[in-house]
There are 2 protein chains.
Amino acid sequence: MTTSAETLADLSEGAVLERIFPRLPASASQLLGPGDDAAVIRAPDGRFVVTTDMMIQGPDFRLAWSTPFDLGWKAAATNLSDVAAMGAVPTALVLAIAAPPSTAVSVLEGIADGVRACCAALAPGCGVVGGDLSAADALTLAVTAFGDLEGRAPVLRSGARPGDVVALAGALGDAGEGLALLFRYGVDDAGVPDAGRADRVKAEHPRALAAQLRPEPPIDRGPAAALGGATAMLDVSDGLAIDAGRIARASGVGLDFFSTALGESPERALGGGEDHGLLATFPAGVTLPTGFRALGTVTADAGAVLLDGVPHEQGGWDPYRGWDGAA
Amino acid sequence: MTTSAETLADLSEGAVLERIFPRLPASASQLLGPGDDAAVIRAPDGRFVVTTDMMIQGPDFRLAWSTPFDLGWKAAATNLSDVAAMGAVPTALVLAIAAPPSTAVSVLEGIADGVRACCAALAPGCGVVGGDLSAADALTLAVTAFGDLEGRAPVLRSGARPGDVVALAGALGDAGEGLALLFRYGVDDAGVPDAGRADRVKAEHPRALAAQLRPEPPIDRGPAAALGGATAMLDVSDGLAIDAGRIARASGVGLDFFSTALGESPERALGGGEDHGLLATFPAGVTLPTGFRALGTVTADAGAVLLDGVPHEQGGWDPYRGWDGAA
């Protein structure tokens, strides 16, 4: 039997942890790490930012499309992005993994490698300070991420004011295009996700597939936006129009996008999900922080999202409707 | 259709959240709560304690045995206990729930009610500051809990010294007995968990079943132990012998239990899982904090657990072996 064929059921929980821990990134903010009942993390300004998210095999990912490395990367990246969207610097993660006992240990090792690579690339100094291993029929990752506001006020969704500039750091539409390509071409003739066909799609559309499977949100632009005077900010997770609507409602303003700023297809830019860019508003006249580009302007139309001044559908995504159990 | 028959698929995510949020407990440490990309929590001494745990339908609970209220209560209680075991006061939780779209909304409401009741009973001031809703085939709860050390050093597993007193706050063996009773009598003739039979077991063995399904760990005894000079401490989650072995190995000492202190059946006390009592060591001669009773003494036998001076089996529990997928 080769090492990679070893399953979780072949090893004790302790032995699995010994294989995974060395691969996980260390946190520079850790005062006490794994090995006790809880970890202790630095919160230098007397506060910490926290966000949590679960990714489940089936509704949230398919093993025929995502490698374990991809899963670890994406689980970390999406949570880091929520921390950054508050204007905070990510400091630490806790990671709970549930998996069938028949899962190869190498799958968990791959997840750990993806988390480590993501933190190293997008949030150096952020690392895993604790976790939990469980058994389940569906591979499940639960990540909770922490951040340090460095003494600043958090940047909320509610601070946009008429006249502000609407700006974005990150790409638009690629991740949504990647998912659409996988659903169309990454399946076999019966519609079942297929690794071989997905590989072909990845080779043909590398940018869109990478954006979907291994996103690179502009984490360090979150604190940069806070320092640059951002009045409101969020992570674009469900699509630009939907998330712009969230700022519009929370702030009691309208967000009016210029079609000329949204690329060849404004509808693709407005409708794509899982972009994980940072959408922020800045006072007019402020020099936008590096990495942000102006997309529009804030108006007085409370709760509205507009395109060239015309109200635009905000849409909606629902975790219980967007998935049928068979997928 | 009655309200309780409404399923998650009948409502938008936002509507589900509107039903659940008002039922969740508030945190006195919350600076910014749900509604933005992340929450902001107070960490008055510049540090925070964090622990995480996942509970999954099948391996971790059966809906024929546990009510939704029980699940919410237990998910909160077990995480609060890990915070308390560091000597910290629990301040906040984040709660991620994944459920099949066919789940009744009342199930999630029941979970929220259980979390609220548990916090109110065991950790007043602690509340839920954020969360996540997802779809999954198996009901899954992921809780991450936070605590405040109030300026104290955390109480680790590694600080026990020969001559210390071994003491416990909480019950021993009841929770394990409750689970054994459910597996024996709470199933139908084919061995499938059965709600009607479980109800009969609950009526006949209320203490053991409550300890298993709705545990009441002595949360406030954690900070009390830290103030009382505890040299080591942990939450007894896998059984007294197994968890005593963890202190023994981390501290390089032996933990010798007096059979006379372990009740009628020392084996039941040493072997039961999920007690969630706090096992701590205190310097000899110290007055034990209220709620702690002496169970034994710390010896120089590195890594050993003993009963009346005789080395005792430490056993072991494994999440991937302790469960067959059919359960």
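Yeah, the Cβs are placed from backbone N, Cα and C, and that goes for glycine too.
The structure displayed is predicted, hence computed values, not measured ones.
Per TrEMBL, these features apply:
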type: DOMAIN; residues: B:35-147; note: domain 'PurM-like N-terminal'
type: BINDING; residues: B:Asp37, B:Asp82, B:Asp235; note: Mg(2+) 3 binding site
type: BINDING; residues: B:Asp37, B:Thr51, B:Asp82; note: Mg(2+) 4 binding site
type: BINDING; residues: B:Thr52, B:Asp53, B:Asp132; note: Mg(2+) 1 binding site
type: BINDING; residues: B:Asp53, B:Asp82; note: Mg(2+) 2 binding site
type: BINDING; residues: B:Asp60, B:Glu274, B:Trp317; note: substrate binding site
type: BINDING; residues: B:Gly131, B:Asp132, B:Arg157, B:Ser237; note: ATP binding site
type: DOMAIN; residues: B:161-260; note: domain 'PurM-like C-terminal'
type: BINDING; residues: B:Asp238; note: Mg(2+) 5 binding site
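Taking the Cβ of B:Asp37 (Mg(2+) 3 binding site) as centre and 10 Å as the limit, one finds 27 other Cβ atoms among all the protein chains shown. In the three-state DSSP reading, B:Asp235 (Mg(2+) 3 binding site) counts as strand. Summarised by DSSP class, the composition of the domain 'PurM-like C-terminal' (B:161-260) is 51 helix, 15 strand, 34 coil. Each of the binding-site residues B:Thr51, B:Asp60, B:Asp132, B:Asp238, B:Glu274 was checked for a CB under 8 angstroms from a CB of chain A; the ones meeting this are B:Thr51, B:Asp60, B:Asp132.
Helix, strand and coil counts from DSSP across the domain 'PurM-like N-terminal' (B:35-147) read 35 helix, 46 strand, 32 coil. In sequence order, B:Thr51, B:Asp53, B:Ala145, B:Asp235 constitute the residues six or more apart from B:Asp82 (Mg(2+) 3 binding site) in its chain with CB-CB distances below 8 Å.
Between the CA atoms of B:Gly131 (ATP binding site) and B:Asp37 (Mg(2+) 3 binding site) there is a gap of 10 Å. A simple Cβ count within 10 Å picks out one of the binding-site residues B:Thr51, B:Thr52, B:Ser237 as the most packed, and that one is B:Thr51.
Sequence-distant contacts (6 or more apart, same chain, Cβ under 8 Å) of B:Glu274 (substrate binding site) comprise B:Thr78, B:Ala175, B:Gly176, B:Leu179, B:Ala211, B:Gln212, B:Pro215, B:Ser237, B:Asp238. Spread of the ATP binding residues is 32 Å (greatest Cα-Cα distance among B:Gly131, B:Asp132, B:Arg157, B:Ser237). Comparing the Cα of B:Asp132 (Mg(2+) 1 binding site) with the Cα of every entry in B:Asp37, B:Asp60, B:Arg157, these being the binding-site residues, the smallest distance points to B:Asp37. Ranked by Cα separation from B:Arg157 (ATP binding site), the binding-site residues B:Asp37, B:Thr52, B:Asp60 are led by B:Thr52.
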